[in-house]
Amino acid sequence: MATVQAVLGNLTVTERGILTAINTGASSLSFVGSGFIVLCYLLFKELRKFSFKLVFFLALSDMFCSFFSIIGDPSKGFFCYAQGYTTHFFCVASFLWTTTIAFTLHRTVVRHKTDVEDLESMFHLYVWGTSVVMTVIRSIGNDHGHIRRLGTWCWAQSGRTGKVVHFITFYAPLWGAILFNGITYFQVIRMLNNATRMLAGMSERSHQSDAWPDTKALNRWGYYPLILIGSWFFGTINRIHDFIEPGHKIFWLSVLDVGMAALMGLFNSIAYGLNSSVRRAIYERLDLLPESCHRWFPKSLKPRGQRQESELVPLKIEDQR
């Protein structure tokens, strides 16, 4: 992963081994979580709506980012460079897909537009095109002569210019995405909160209960921007510290840096992917099994009545007008 390549520096062999183990374990969890969401999308036709299609591409990016972070560099030469480029490409694509999800929600709820599906080709051009540009630009200032002594990861930016380019091509768009998502979800939540209060004041109790699924969606949406912040906060601090004091590595900060960044795919799969539609689709398949097998399944898979929780777009848009 992009963050791992920059933390090994002057660490001891033991410390490097610990970071390698943390990266492998956390990336494996992200790979499994993201792969599960991808598999659900491919197997369950009822999930193939536009909103969940965006989640599918997010999970796909996370899955490949985690996969290439796990395999490291078992060889030298071309494969090593390819591994470094692919991790950067798919990690950038991952947080860019979260901005398309936020944009879709904002355009549907706040601006009351129904043309989001027509923008799919623009989303792909924006995400994959930007990821390619950032990945190519990052090769500027890259010191390939340091690849061998890093051991497990490739494409490390050891020079001052390389570190600046790394920050510009990864952390700058990352925090731009965090800022965009934060502002977008704030506007969506504020609007829906106002609509819910209006319904509570103007309608009977039955209408108030109808607004409850949207309230639950608000609670979930509020955590979305925190995923990227939690995943990359320590990595950002570590990059800044490494730029100021390149000869001094803080091991505990490197542990948090590598561990939290590698768990991004798992966090995304839980927050974006494991919604009520996915749980319902899974339970419907499990319900076909013999009754004696049902007691072995967790209760969380069982749908709570017939009430549906919104995936990305609230159910009561028309009531807000």
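Positions of Cβ are set from backbone N, Cα and C atoms, glycine also.
Automatic, uncurated: that is what TrEMBL annotation is.
Keep in mind it's a predicted model, so treat the numbers as computed, not measured.
Summarising the annotation, TrEMBL assigns transmembrane segment to 18-42, 54-72, 84-105, 168-189, 221-238, 250-274. If you look up TrEMBL, you'll see 19-276 marked as domain 'G-protein coupled receptors family 2 profile 2'.
At the 8 Å Cβ cutoff, the transmembrane segment (54-72) and the transmembrane segment (250-274) share at least 3 close pairs (sequence separation 6 or more) and count as touching. Ranked by number of Cβ pairs under 8 Å to the transmembrane segment (84-105), the listed stretches 18-42, 168-189, 221-238, 250-274 are led by 168-189. Contact between the transmembrane segment (250-274) and the transmembrane segment (168-189) does not hold: fewer than three of their C-beta pairs are under 8 Å, each pair 6 or more apart in sequence.
Outside the transmembrane segment (221-238), and at least 6 residues removed from its termini, the chain residues within Cβ reach (under 8 Å) are 3, 6-7, 95, 98, 101-102, 105, 171, 174-175, 177-178, 181-182, 185, 188-189, 250, 253-254, 256-257, 260-261, 263-264, 267-268, 271-272.
Sequence-distant contacts of the transmembrane segment (18-42), counting only residues of its own chain at least 6 positions beyond either end whose CB sits under 8 Å from a CB of the stretch, comprise 1, 4, 7-8, 11, 48, 52-53, 55-56, 59-60, 62-63, 65-67, 69-70, 72, 151-152, 254-255, 258-259, 262-266, 268-270, 272-274, 278, 281-282. Over the domain 'G-protein coupled receptors family 2 profile 2' (19-276) the predicted model carries a mean pLDDT of 82.
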